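Peer 1: Here's the feature list from TrEMBL:
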type     : residues                  : note
REGION   : 117-370                   : region 'Disordered'
COMPBIAS : 117-216                   : compositional bias 'Low complexity'
COMPBIAS : 226-241                   : compositional bias 'Low complexity'
DOMAIN   : 461-628                   : domain 'Tr-type G'
REGION   : 464-612                   : region 'G-domain'
BINDING  : 470-477, 516-520, 570-573 : GTP binding site
């Protein structure tokens, strides 16, 4: 049904009638209502209006998107292959153009060119040089439009030779173009040409992109040469008379000429743009020569596409593929030979066909597969206290296998997850050419420094901490006992001190904190800790014994800690006391008394009678006044662990000396690798205490485990932070211990391989931490080249069932120092024949272990001469050999004895007897004064007068 009204037409177009009526009115068609009739002229006017408003020359555009998915296989850092999905997106733009528009654009260009040529002819001015890229079609139309010119046939002929296709396509259109150029006014030609500029500009700009595709007849040739264009002005003057006779009035022609010049200038400006794409090769590149099998290298020029524009080609339905801007071009696209027409001439290594040393594409692919040579970069490697092999390799940016290889060269067999100590790791780093810097882990202990800086309180005077040191049995504890008016020495096993005793003594001049250290040589570490925690050292020397090894050691500890000395010459009440000898010996150790011009006070004292005790205390307090000892009181407590033990009823118990601040019950404390809250606190007399100030020894309970003696004690406000720091320290201590053990095992593995080194495994359990440390060190010192002491486990507390199980697995002897085994442990030890040994004096434990090691020593072999025989006759027997008729001069000859053949008192042969007979009977032995027949095993070289020395090898037990 034909649409005769606006409403019917709107229904056909599927749009509102009111909107369509507005469109008609905008197009200049006056309709009254939606029921008004619509003619074909009205529809045409509406169509022209819409084309003008929306653009009639844009054509129909269709965008196609193509996705291509592929897979590539690539190896990751660990060597495993993984598959990667790759998606390539391409767009294709299709534009539908009208043939009438293209023909109209061609006609407009031809008219503009003709008008420019006609206008330039009367002035006889040379026309501008045509660019290299202009289309050949307008030139051909111009020459066809001048049939009266005498030189016209030669120009088309030359053009036809160079570009025949454009000339032939331009022949049928020459007459209409000429008529349009002569009959239409100039004012009409100029707008038409201006309107068609975008159409003509688009094909010319895209001519290079379409060079690889076949072009239609209306498309200008991409390789237009400047010679035909420059021939136009040559033929123009010859065509001038014919043109002048047919020309209209001068005024109209002048206007047409000016308009044509403007249009020609615009066209030349437009056609000048593609010169950058289609320019001729540069002279230096043209001079390069090559052969077919080995083409010369050419320089490829890539022109960037203008941003924000699509690529459109000049054809009825033009198409182009462009990469999606969001994706990088694939490797195949980058290396495709279609990127340029002369891409096969790229030359160079592994170029196209005929490339040097290869066969084109295969050579190029092989070159891309070569590993890239990376220059070595020396780095600064921060090496923590412990680090695994994998982490060390990662820090140096090398493979773990490389680190393992260097460690194997250094004699260490390691795995990728093995922990290395700092020293070994730094050696490996230096071996690989990097710079090793010793560093610490990012630990939470930095929080402690910030806390200490924030807790700055006013320092007040405090009591001095005095350590009593000296040789064993010189009377240190007895002297302190008299000062305290108590009986402490009788409570120690064997009468010697085996723990650090911390006491607080009130005197007339103030409070003094005393630390009583053991004098036995095994307690060196205890004495060192006492010297570090103290302010003044009292050196006790027995007047009847003089300076002994531990006395010298105490002097060294005091000097190392930079602590002043006060010498107490004890046992002055004994008749054999000789204080002057003690002074002379101490002067030899550079301890000069005040009366000799030194700075060390010497006080003769007696722990039994109390002589000189007051003078000793006075000198101690005088030294304290000189030192001006101060410490903050209203601050979190800070101290040192003097002693620690595991009590069966109370758990871990630590004796600490508060050095600064105040310790309260309920404080969260951190002591080395142990942490906890102060549940209970006892003073040196065993009474409960609510708080402890500076220079006060106390015993605390509530720690999670037994701390090590000498650890620093800190009070933290946050218990969670204390736990975090303690756990970090435990892990670090464990890593360091394992790394050192591993290093020790690797060092001793090959050393002990060929030698019969025997091991005595021990499990040591003690009552306190200091005794355990001293006993373990003393036992390890007993190791020799043949017998080695191995402490499998050492801890504080009673002997438990787990200790017995460990002894069963390792075959160890369990040593209990001031501790006993519980009932289940005793029963299991009896069942499995585990040796449990209890001691309360360190001497006894060391002596027993030494005896056990002596029993494990290989016995010593000694030779013992038991007889002397003289050869007096020789009997030769064919089947037996030489038989020596001998007389036993000394001792006895036994059948299984070893003998030496002496000739002229020189050892000629050593061996054993083959047979021993007397009167044709085999006998076991022959005594002195009897004769016998002897044959030697493997030796017939005997002479009359030789002597045989008979000896036996005996094994003698060795001792350490």
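Each Cβ is built from the backbone N, Cα and C atoms, and glycine gets one as well.
Tell me what's around each of these sites.
Peer 2: On the 0 to 100 pLDDT scale, the domain 'Tr-type G' (461-628) averages 79 in this prediction.
In three-state terms derived from DSSP, residue 476 (GTP binding site) belongs to a helical segment.
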Peer 1: Quick check on the binding-site residues 476, 572: which one has the highest count of other Cβ atoms within 10 Å of its Cβ?
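Peer 2: Neighbour-count leader: 476.
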Peer 1: Including all protein chains shown, what's the count of other C-beta atoms within 10 A of the C-beta of residue 517 (GTP binding site)?
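Peer 2: I get 30 for this one.
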Peer 1: Around residue 473 (GTP binding site), how many other CB atoms lie within 10 A of its CB?
Peer 2: 16
Peer 1: If you draw a 10 Å sphere around the Cβ of residue 470 (GTP binding site), how many other Cβ atoms fall inside it, taking every protein chain shown into account?
Peer 2: 28
Peer 1: In terms of DSSP three-state secondary structure, what is the assignment for residue 470 (GTP binding site)?
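Peer 2: In the DSSP reduction, residue 470 (GTP binding site) maps to strand.
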